[in-house]
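Colleague: This is the structure, below, for whatever I ask next.
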């Protein structure tokens, strides 16, 4: 048991420079998967004042007009000449090469396949070595930590009001941060502080911004029961946020990996998601680990669980599967590991088949987090393994 403590997580809007880059990378990935589901894509994007640079390694039968995808993505986010990033005039440089044949030979034909294994799901090897984590907790309905859930909700609301024109002076760049107080049983009891910074037109007053953001965003998103007289609210604490987006800060694919996952509440293996096809276990195995963790908690095997998977490049089977329930499990962790091995195929081809990952579903994950989403249908958020896991409680 620990004393009362605080935990903080942040989120950013779809117009944050790093998220622009993530969305462009995933929009390119989706465009390729739409034409060729077997596309191999590792696409990185950099955005800065007046410039988008797209680099990476791609092997595909698809033809994609990269310039058009880039400009369309920027326009959809809502950037204009006035807000500092004009989709029509921004320079777009593309430097894409083919996937390395040395990597391709290990992905196309795994170590197991080279050793005469005939199982078709053993054919694809992991695209890289590394470890990936998945997490779930029962403190929210979407099995996510409360701080990151609230931070994402604030950003979704901010972007929604901007797109609808309900707060007319908002521009696309924004950030939110939420600090939650936990009691000595580790249950969330209140919101201690909220920080929201929104980019805005130059002719609006700070007082109007603070009034609107608190009333129309913060107070509508955060449950009243979690707010009290001691909750601290900070709206645009610098006093001015006119210059934003790539005009103020350069952005890069994969630089918001904690926002993308659990807000720091769980560990992270270090690999980013956006711009990568599902043979890259950085992405697909992280999705599988979340899928496992969410179903384990939903089945009542634990109140919180962190699942670690690890891979060797060119090898299909994971080199390790590890479970940590933080003392909250209803059964032993060995039983949970057994349940995982018996119910989840964790070879790359098995994950791709299990979660149907050759589809163009990725751009929608590139803002507001990849996990705990209720606004879009993501296969790794499904609870279709709960029934199979219930038998392990006996």
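Don't overthink the numbers, they just go from 1 along the chain as shown.
Heads up, the Cβ atoms here are built off N, Cα and C, so glycines get one too.
Source: prediction; values computed, not measured.
In case it helps, Swiss-Prot gives these features for our protein:
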BINDING   16, 173, 174, 175, 240, 241, 249, 255, 256, 272, 276  ATP binding site
BINDING   18  Mg(2+) binding site
BINDING   44  K(+) binding site
BINDING   57, 99, 249, 280  L-methionine binding site
REGION    99-109  region 'Flexible loop'
Colleague: Mean pLDDT, the region 'Flexible loop' (99-109)?
Modeller: 63
Colleague: When you measure from the Cβ of residue 256 (ATP binding site), how many other Cβ atoms are you left with inside 10 Å?
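Modeller: There are 25 such Cβ atoms around residue 256 (ATP binding site).
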Colleague: Most Cβ neighbours within 10 Å: which of the binding-site residues 276, 280 is it?
Modeller: 276
Colleague: Could you check which of the binding-site residues 16, 240, 256, 276 is the closest Cα neighbour of residue 57 (L-methionine binding site)?
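Modeller: Result for residue 57 (L-methionine binding site): the nearest of the binding-site residues is 276.
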Colleague: Residue 44 (K(+) binding site): which of the binding-site residues 16, 249, 276 is the nearest Cα neighbour?
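Modeller: If we rank 16, 249, 276 by Cα distance to residue 44 (K(+) binding site), first place goes to 276.
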Colleague: Same chain only, sequence gap of 6 or more: which residues have a CB within under 8 Å of the CB of residue 249 (ATP binding site)?
Modeller: 17
Colleague: Spatially, which candidate from the binding-site residues 18, 99, 280 is nearest to residue 256 (ATP binding site), comparing Cα atoms?
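Modeller: Nearest candidate: 18.
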Colleague: By a simple count of other Cβ atoms within 10 Å, which of 16, 240, the binding-site residues in the record, is least packed?
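Modeller: Selected from the binding-site residues 16, 240 on minimum Cβ neighbours within 10 Å: 240.
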Colleague: Helix, strand or coil: which one is residue 249 (ATP binding site) in, per DSSP?
Modeller: coil
